[in-house]
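Listed in TrEMBL for this protein:
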| type | residues | note |
| --- | --- | --- |
| TRANSMEM | B:35-55 | transmembrane segment |
| TRANSMEM | B:102-123 | transmembrane segment |
| TRANSMEM | B:135-157 | transmembrane segment |
| TRANSMEM | B:169-190 | transmembrane segment |
| TRANSMEM | B:227-251 | transmembrane segment |
| TRANSMEM | B:288-306 | transmembrane segment |
| TRANSMEM | B:326-344 | transmembrane segment |
| TRANSMEM | B:365-383 | transmembrane segment |
Amino acid sequence: MTAIPLTYYLVVAAFLLCAGLLIVLTKKNAIMVLIGIELMLNAANLNLVAFSRNDPQLNGQVFAIFSVVLAAAEVAIALAILLNIYRKYNSSDLDDLNTLEH
Amino acid sequence: MHGAGYESLKHFGLCLSSFNLAPQHFGCKQVDQQMITFLVFLPFLLGFVVIGVYAERKIAGFVQNRLGPTEVGPIGLLQTVADLVKMLQKEDVRPKAIDKPLFLVAPIVIFVSIFAGFAALPLTEGVDGAGFSVGVFYLLAIVSIDVLGVLMAGWGSNNKYSLYGAMRAAAQIVSYEIPLGLSVLCVVMYGQSLDLQQLSIQQGVLSDAPAYFLGVKGWDVSEVGGFLTWNVFTMPVLWVAFLIFFIAGLAESNRVPFDLPESESELIGGYHTEYSGFRWGVFMLSEYAMMLLVSLLAAILFLGGWNTPLPNIGGLQLATYTTGPVWGAFWLAGKGLFLIFLQMMIRWTYPRLRVDQLMNLSWKYLTPAAILLLFIVGIWKLWML
Amino acid sequence: MTMAINKLFFFFFAAMTVLPVIYILFTGNIVRSAFALVVSLLGVAALYVLLQAEVMAVVQLLIYAGGIIVLLLFGIMLTRRLSEEGVFAGHRGVVIGALMALMLFGMLVRLILGSGLEFETAAPVTDQVAHVGIAFLTDHIVAFELVAYLLLVALVGAAFLAKKSDKA
């Protein structure tokens, strides 16, 4: 399956990275920011797995599996924090979190 | 001891094993396994649903000391056909305030994710579906996508009660995936392979490795075959894993005693309240598909898959006669249908669980039991080496 | 013929990955964005299969599609009022953000296409499950144990953080 060159996969990963970055920068809702973070993590994983195709040790895949697991843990904690923020400030808009004390 | 009786037994054995050659009598020289997998599963599933609904109503009738459907067709056999025709000609009611893409796609997502799990099942000796090395892992992963369909249906209906019903159903499905996965992991650790065809081959006469009945090192039954080589008999601890898998499978397919989503349609709403006609039919189709998938998977993992239950007793080589391509499909179908019969009997015997009892059962009983079982199977496997 | 089918598959799954992301960029509807993210992640899983990384593809399906998205959806449904306006989110600083993202994308694409990186024609590893499993328990065992511990901490922490406080 060497018909598809490596650079195609890397371009898709670069697109996901930039799109995720744009979502994190421009969206106001906390969940949208989380979606952007997930897209950036996926872009990195796609890069890792694309390069591990060359590697007989499959180090890239192993690294990517660890990355996915850590992403899951991070999303769980982020959502728990978000629930607490929603209960306190009654909104999940990140621009409303501008006081240290409520 | 030998003589006429022995000769006739040998002829009987040859007759049994000749069933394996049946496809050649119909003209197909070589059973092309990928075409079979591609063509067989969907019609088989649809046919099963038609018969399954009828069987469920008849079994319900007999359990409740009444007759069940008797009017349509002889002994009511055409009842499901009549119901299907009625359902197909019903109007597809779509409320005005629904979220159209989510509402319309939800039943398809549920059915497709469950149906895609069938690709990993080995039907018989030569036919092992998509024979990849991550078999059962893929199956568990793709079946876990049906939660998204449930949430789509609940959100897309734009109805408070649908949303709460969908969230409860999603919580139930996600909670019971853990004991399901852990009990499958016990078998995978015992069989040292994720590939379901490898796990099936190890449980019968076709395996090269020795299989010890009840785990006792002296009793090598890999030549005897039959039910003695099944996973539950070579490792008795797996009976508990089978029980955990069965209960978790009932919960995954939303069957009683775990049918909170369906019961809610009697009480308040449920994620399929707003659906009518054929779309509702797809929800029921996916419930029966999940039931069949769980039964077939339990048969493959614990009860020997397509291997025969008849052992080789001395000269009467029943196991070798009744193992083969056609016999394998028959045994697997038989075991799967028996487990479905069990599921239907359980439906009409036990009352429904409340949502907190359901969650308690999964998190406080089944998950610790499955973890303990994993530990025991690991120690046993190391000890046996 | 097989080359053409491979290219077709790649472009189909790359479109399945990229188009939902474009939808997420332009819409404010949070729930539909979450479901679009699912489609995108399924596309990434398919790209992993094309890269012959089957273990990673199934892990992606199981954890991302079956786990993280469910978490996100529960998070959305628990932090929104069900009214029509409650579901939409706004943007800020779109122009500057788009400019920077485009510049970054341009730079990365230029670097990638100019680097001349290629796949080697070595045959891929056949039994990847065994290989990855052994790698977890021999070369990367410290990371494996630490990740297990971290998951336990995350589980307990998230359960504790998310529970309702006793004070009114």
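Yeah, the Cβs are placed from backbone N, Cα and C, and that goes for glycine too.
Caution: TrEMBL annotation is automatic and unverified by curators.
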Between the transmembrane segment (B:365-383) and the stretches B:35-55, B:169-190, B:227-251, B:326-344, work out which stretch tops the count of Cβ pairs under 8 Å.
B:169-190
Top stretch among B:35-55, B:102-123, B:288-306, B:326-344 for CB pairs under 8 A with the transmembrane segment (B:169-190)?
B:288-306
I need to check the long-range neighbours of the transmembrane segment (B:288-306): which residues 6 or more away from its ends have a CB within less than 8 Å of a CB in the stretch?
45, 48-49, 52-53, 111, 114-115, 117-118, 121-125, 136, 139, 143, 146, 184, 187, 196, 199-200, 203-204, 227, 229-232, 238, 241-242, 245-246, 249-250, 252-255, 327-329, 331-332, 335-337, 339-340, 343
Same-chain residues near the transmembrane segment (B:326-344), Cβ under 8 Å, at least 6 residues beyond its ends:
16, 19-20, 22-23, 52, 55-56, 59-60, 123-125, 127, 246, 250, 255, 291-292, 295-296, 298-300, 303-309
